[in-house]
Structure formats: structure tokens, C-alpha cells
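First the structure, in the form of C-alpha cells, and then the observations on it.
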Amino acid sequence: MMFRTLDDANVQSKRVLVRVDLNVPMANGEVTDLTRIERIVPTIAELSRKGAKVILLAHFGRPKGVASDENSLKHVVKPLSKVLDHSVHFAEDCIGDKAKAAVDALKDGDVLLLENTRFHKGEEKNDPEFVQALAANGDLYVNDAFSAAHRAHASTEGLAHVLPAFAGRAMQAELEALEKGLGNPARPVVAIVGGAKVSTKLDLLSNLIEKVDALVIGGGMANTFLAAKGLDVGKSLCEHELASTAREIMAKAETTKCAIILPVDAIVGWHFAADTPHQTYGVDSVPGDAMILDAGELSTDLIASAIDDAATLVWNGPLGAFELRPFDTATVKVARHVAKRTKEGKLVSVGGGGDTVAALNHAGVADDFTYISTAGGAFLEWMEGKPLPGVDVLKK
């Protein structure tokens, strides 16, 4: 995929509108996790250093076109300027007189954060008039928010039609990593898909079995597939009504020559709680009054062996109830094996999605993967093979 980056842009003394992701977690008016802010520093710092007037566009929360103090981006100014190590100006609107006055006052290298774009209904509607009102304050447009790229909103997609458009460094890193993961990967490719429910990942599974060489199914989802094969999963989380869908996916995988790897043994418990009494059983002998809470040792060995044969790995979703010890065992063991192979230079590893990031952090290996996407919805839609409007408009 070819797209325009900051290397293609002349930004000296230009007003550069930069779409960033500042939808950060807050508690009592304080930002509790700086990850998303840290990701956008390279783009902002580079533009400022090159003498651009840097104007940041972002949304926060879901205000549905109504301004409110709790959804104001003013709360982000302090942590942003601290992480940037650069003063950040703030405008109380993203369009109109207040925005224009703040932009007009900028000197080369200055950084300005405009108020929440979603305080205007035109943002989510991608309203042409709102797009023009935003564009009035910029000469160039840079999108550095892959996490919002699956939405065709004014600040994520509309602006790229009216201003010269470029990918920021965080966007560029994400797109290059994803290209290695599924776009044009080194083979064989193994995908790990876990999490609770098959119903939320049907599009994902259908896309992956056409693109990968082996698909590991774990977490609560695996129970639905085991049940579809006629096995008794006891009181485990299971979508019995999707048994025929699971069988269709397995049949399709045979025709696309994608090996499906399901657990062969399981750690079962009698209560959904940490440190509940537990025991390992083969998946063909799970007690009727127990529930599967993690994959067993034979299963993790099977997954590790598939990873040893792979050149590329894409991961979305944990292999068990990782938030409850000891049912984090399979997720941690496999994650550490992936990290080891990656560090040895034998594997390209891409992981993403909320629970996945939390699980890899829990295993202490998030920094050892080739790339971890914090994008959530956009990462999933990319894995599902769906078009991403905010990315498509950046292509050369």
C-alpha cells in the first residue's frame, strides 16, 4: 500500500491540521493512561521542529453534538504539553471565530489544540459545510489517528478531500505493521483469535480463513466450536445456537487449506472466580457441572509448535479467562513464546484489540512484539478485511 507521509510534505510556515487520537481514559479530571498521547509525539514534534503551525483536531467521548465540560479537551492540554515537553495553546472551539483567532496568533513551531470536534453534529455526519469550516484553518492535513480510521467523519476522512493529505508517523507505523501482518505477510501466517464470543468475530473468522495458513481459536469462542463437534462443554460459556455457523467455518477452512487449531485439553473450574478449585481434563471428558476457563498444557504446546513453524503471527483476543489466576496460564505462556521467537528474529508478530493489549501487558511482553495496535475497532475492521475510509483517502 502506497500512501503519502510527512516525507512528502513541505510544512515550513504552513498551518497543518493534524487529526490525533486523544480519546484517553480519565478519572476525576485526570488522564489515567498516557499511551495514546505518547503515540502522537513523534508527528507533533517533527512538524513543530520543521516550522509548521501545528493545529490538533480530536474527539473526546460521545457528546453527540452538544458541548459539555466533561467532554472538553481542555483537560488534556496539561498532560499533552508535559509529554510533548512543549507548550500547547487551546481554543474553545474547533471552527468559527474562536478557532480562527487562535490559529491566526500562531507562530512557526507553535502547537494548538482545538476543542472537541464532536461538539458539532457535522463531525460524525461528515457534513461538507463543517469540513469546509475546519479546512478554513489549514493549508495541509495530516491524519495520525488510525484508531478513528474506520469512521468516515469530517476530521478523519472529509478533510482529506479538500486539503493535501498525509499520514502522520503513528499512522504510518501502524499501516506498515499491518501490511506485514496480513497485507503482504511472510508465510506461513498463524492467527490467534480468542475472547468470549464467536458472534462478535464472525466477519473476522471468515476473512482470516482465506488469508492465513493456521487459525488458533481460543477463549470462550473455542467452546462453541468444541460443542459444534459434538463435545460436551459442561457449564462453559458457549453459544450453542451458533453451532451450525461454527461447522460452516470449519468446512470453509478445509477448502481454503487453513488448519484450525482448537484446544485438546482444558483447565476447568466449578466457579468463575480466581483461585477456584481447578483441574485439567481432555476436551472429550469435561465434567457436566464444570466450566472451561483456560486451555491446558497440551493445547499450549500445540499452539507453540504452530508458532515455531510460522513466519508471521496476528493475535486478537486472550486464550482463557486471563484476568483470573491461574486461568491466565495459556495466554501468558503463548505470549511469552511469541515474544521469544520475535526477539530471535524468527517471527513478525502483530497484536491488537483492547483485551489483547491488556493480556500482553499482563504477560509482560507487549514491548517484545513487532507491533501492538491500540486501535480497537479500526484494528478489528482491518482484520475483517473491511475498507478503512480514513486510510483509503491517504493512498497515493
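Numbering starts at 1 and runs along the chain as displayed.
Backbone N, Cα and C define each Cβ position, glycine as well.
The Cβ neighbour count for Gly61 (substrate binding site), using a 10 Å radius over every protein chain in view, is 14. Per Swiss-Prot, substrate binding site is recorded for Asp21, Leu22, Asn23, Arg36, His59, Phe60, Gly61, Arg62, Arg118, Arg151, and the stated evidence type is sequence analysis.
Secondary structure at Thr356 (ATP binding site), as computed by DSSP, is helix. Swiss-Prot lists Lys201, Glu323, Gly353, Gly354, Asp355, Thr356 with the feature ATP binding site, giving sequence analysis as the kind of evidence.
Taking a C-beta cut-off of under 8 Å and a sequence gap of six or more, Asp21 (substrate binding site) has these contacts in its own chain: Arg36, Arg39, Ile40, Ala58, Asp144, Ala145, Phe146, Ser147, Ala148. Across the structure, His59 (substrate binding site) and Gly353 (ATP binding site) place their CA atoms 20 angstrom apart. Using CA atoms as reference points, the binding-site residues Lys201, Glu323, Gly353, Asp355, Thr356 were checked against Arg118 (substrate binding site), and the closest is Gly353.
Thr356 (ATP binding site) sits 22 Å from Gly61 (substrate binding site), taking the CA atoms of both as reference points.
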